[in-house]
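To start, the structure under review is shown below, and the notes come after it.
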Amino acid sequence: MTVTELRPPAAVANEAEPVIEAVPRKLRSFGINDWLELGASAGSAAAATGVVYLVMGWRGWLGPALWWLVLFLAIYRVVVGESNGSVAATDRVMTVIIGIGAAISVAALAWVVLFVVGKGIGKFRLSFFREDMAQVGPLDPGGGAKHAMIGTLQQVGIATAFSVPAAILTAIYLHEIKGRMSPVIRFFVDAMSGLPSIVAGLLVYTVWILRFGMGYSGFAASMALTVLMLPTVTRTAEEILRTVPDTLREAALALGAPQWRVVLRVVVPTASSGLMTAAILGVARAIGETAPVLLTAQYAAATNTNVFEGKQATLPMFVYQLIRQPNQTQIDRAWTGALTLLLMVLVLFVLARSIGERGRRKRGA
């Protein structure tokens, strides 16, 4: 006779262990743990301040500030580790380090902007954009940067007309066509991305001015700026093309469309806002270049609207020429030119950002 032993079924894990729902914390709540962490931060800061003051006496500011930061992080790590454990302490310390790094970056950018605004706002008036420096003496209160504005717009405009179409076509070839020359072209694009701007100026100066004897001109500067803009716009445009979903390409190809029509009617319209952003970033890169313009167009105090003949001024060269003068009037004009250049770059970056956001919202919709 066989005896069968019946065992009770194993308990279900979900029934044995009740699920505890996490209660969301209110953003404005401030509990006892928060007060303890605040006290730990304040105590660590006070201890680090006392040690640095006793040892170094706060002579200078950079050295004591660095030592204070190191001591504060060390003391804070120990204090938080005693109450919350090593993992939480490491997390708090890394949060503090990231916050300090972000604050330093924002403070540095704000300091540069405010410093340039404070120096250049004095002569920032309408007459500054309506006059040039042709008949202005070193101590005259008048004069402006009309000639530099015209030269900047002409040179950057020509460079944009040359570089942006070529860069977008190159990006399409690298990402969409993927021909045999793609690795070689990508290598040269990556190498040109790190090309010093003065090398581009030397190239145009040696070939265009010395070899062919064409002379200094705004067009020569435009060619140098084209060399600098090409890799920037190409790499950015290629990254933009990567964001186009492959499903759009596959759907168009499945309908029988050839590859060139898919690129022209599907890929490029989808990435149009991003490609425009790439072009704007390239313009922002070229608009502040000084070294290639110094070698190819130099500087002229009078207004020269003929971009193909004669020396021509730009805003960077305007600042470079006047900031070296020995009197304060010329230096003030240079700071106003720097403020104008800064505002132009900031407007370009804000425009690129807004166009990019609009394109992302359009694709998301």
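Placement of Cβ uses the backbone N, Cα and C atoms for every residue, glycine included.
Keep in mind that TrEMBL annotations are predicted by a computer and have not been checked by a curator.
Residues or ranges marked as transmembrane segment by TrEMBL: 35-55 (among others).
Residues or ranges marked as transmembrane segment by TrEMBL: 61-80 (among others). Taking Cβ pairs closer than 8 Å, the transmembrane segment (61-80) reaches residues 37, 40-41, 43-45, 47-49, 51-52, 55, 88-90, 92-93, 96-97, 100 in its own chain, all 6 or more past its ends.
The feature transmembrane segment is assigned by TrEMBL to 92-117 (among others). Non-local neighbours of the transmembrane segment (92-117) in the same chain are 37, 69, 73, 76-77, 80, 84, 335, 338-339, 342, 346; each lies 6+ residues outside the stretch with a CB under 8 Å from one of its CB atoms.
Annotated domain 'ABC transmembrane type-1' per TrEMBL: 149-352, in sequence order.
Among the features that TrEMBL reports, transmembrane segment is placed at 156-175 (among others).
Within the chain carrying the transmembrane segment (187-208), a Cβ under 8 angstroms from the stretch's Cβ atoms is held by residues 170, 174, 214, 220-221, 223-225, 227-228, 230-232, 234-235, 289-296, all 6 or more beyond its ends. Residues or ranges marked as transmembrane segment in TrEMBL: 187-208 (among others).
The transmembrane segment annotation in TrEMBL covers 214-233 (among others).
Per TrEMBL, the feature transmembrane segment maps to 262-287 (among others).
As annotated by TrEMBL, transmembrane segment applies to 334-352 (among others). Panel annotation: around the transmembrane segment (334-352), residues 113, 116-117, 119-124, 128, 145, 148-149, 276-277, 280-281, 283-284, 287-288, 315-316, 318-319, 321-323, 325 of the same chain, lying at least six beyond its termini, place a Cβ under 8 Å from a Cβ of the stretch.
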State the residues, same chain only, that lie 6 or more residues beyond the ends of the transmembrane segment (156-175) and have a CB under 8 A from a CB inside it; answer 'none' if no residue qualifies. 182, 185-186, 189, 218-219, 222-223, 225-226, 229-235, 237-238, 240-242, 263, 267-268, 275, 278-279, 282-283, 286-287, 307
